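Per Swiss-Prot, these features apply:
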- MET50, GLY198: substrate binding site (BINDING)
- ARG125, THR171: ATP binding site (BINDING)
Amino acid sequence: MQPDLHCRTLAAHTLKHFRALSPLTHCMTNDVVQTFTANTLLALGASPAMVIDPVEARPFAAIANALLVNVGTLTASRADAMRATVESAYDAKIPWTLDPVAVGALEFRRRFCLDLLSLRPAAIRGNASEILALSGMALGGRGVDTTEAALAALPAAQALARQIDCIVVVTGEIDYVTNGQRTLSIPGGDPLMTRIVGTGCALSAVVAASCALPGAALDNVASACCWMKLAGQAAAERSEGPGSFIPAFLDALYHLDVEAANATN
C-alpha cells in the first residue's frame, strides 16, 4: 500500500490540542539524552517527568498521561524497572511508547524489547534497522545509526503494527507512520538533525506524549513527526552547525506555528 502525505493542517490543529492538554509524559529514557528530551517536550508544551527509580516509577506510570521506554543505555536493573513500570501503565490503560535503540545489534536488548511487546505499546518509534530487527525481518545495524532507508523497512513496520495493534514510526529522510492498514509519510527536516545526539530519542518522547491526545492515534503521531520536521527545517536555516542548531531547534519548537509554515511552503 502506498503511503499518503500527512496533512499539515491537521498537524496545526493537533498542536493546539497538545499545548492545551500539556500531557504529563513519564520518560524512562537513556542517560545521554535526558536533558534534551525534557527540553524538547517543554518547548512544545508538554510536561516531562524523568522518573526512573523503580520504587517511584511504577506508581508514577499510573498517574502520568503517557510513558516512554527508551532502551539506549539499558542495564539489567533498569530493564527490571522498565518492565515493572510498563506493567503499571498497561494495567492503568496509560499509553506507552517503545524506542528500541540498537535492538538489532545487541541480544540482551533485543530479547527485552520483544518481551515488552506482549504489553501492547501504543506506539513504536525506530529507524529502519531497528524496525526491521524488531519485526524479525533482519538483524544488525550500527547502534543508533541506520543502515537501511526508511522506505525499505515500511513492509516490516506495517506487519509489526498489525501484529501488535499499534502505531509504528520509521524515521529517516522521510518518516513513515503506519497502523498496518493506513500509512502516512512526513517529509522535511534537515541533515543537521542527524549531527546531534538525541533528536530521534526526543521524537519518541513527543510521539509518546501525542498518544495521550484524544482522536485518531495515527494522525496524532504523524502530527508529532511533522512538528519535529518543521522545527528542524526552521532551526537549520539560522544555524551554522550542530552547536548552534540545538538552541535554535528548541526555540523553533517553542515558536512553532504550523499554519504559518503551511503558508510559506
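In case you wondered, yes, glycine gets a Cβ from its N, Cα and C as well.
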Using all protein chains in view, find how many other C-beta atoms are within 10 Å of the C-beta of THR171 (ATP binding site).
28
CB contacts for MET50 (substrate binding site) [other CB atoms within 10 A, all chains]:
17
Using DSSP reduced to three states, classify GLY198 (substrate binding site) as helix, strand or coil.
coil
Neighbouring C-beta atoms (10 Å sphere around the C-beta of ARG125 (ATP binding site)):
31
Cβ neighbour count (within 10 Å, all chains shown) around GLY198 (substrate binding site):
22
Rounded Cα separation (Å) that holds between GLY198 (substrate binding site) and ARG125 (ATP binding site):
13
Between ARG125 (ATP binding site) and MET50 (substrate binding site), what C-alpha distance do you get in Å?
19
